[in-house]
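Reviewing the structure listed below.
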Amino acid sequence: MDENIKKAEYYYKKGVEVGNKGDVEKALEYFNKAIELNPFYRDAWFNKALALRILGRYEEARECFFRGLAVEKHLTHKKYNSDDEK
């Protein structure tokens, strides 16, 4: 597994952990770091959107939600095409 992907997973999990404890600002920092390391981390995009919504930053939350959907579509398309090649 790529080192950046491992690091992104670490930061994502930390974001979930601190977010569950109520520190939404810190969770947002962790989700941003995870996305910086792996821009295709769908769950990080969705959780970033949730954190932004909680913070009342609705337009940014909407944008992140749609980024997450775009990543999901990309990954599904990529998987579908790789399955066809088998």
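Our numbering is plain: 1 for the first residue shown, then up by one each step along the chain.
Just so it is clear, glycine is given a Cβ too, placed from its N, Cα and C backbone atoms.
Quick look at what Swiss-Prot lists:
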{"type": "REPEAT", "residues": "8-41", "note": "repeat 'TPR 1'"}
{"type": "REPEAT", "residues": "42-75", "note": "repeat 'TPR 2'"}
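The helix, strand and coil residue counts that DSSP assigns across the repeat 'TPR 2' (42-75) are 31 helix, 0 strand, 3 coil. For the repeat 'TPR 2' (42-75), the mean pLDDT of the prediction comes to 93. With DSSP classes pooled into helix, strand and coil, the tally for the repeat 'TPR 1' (8-41) is 27 helix, 0 strand, 7 coil.
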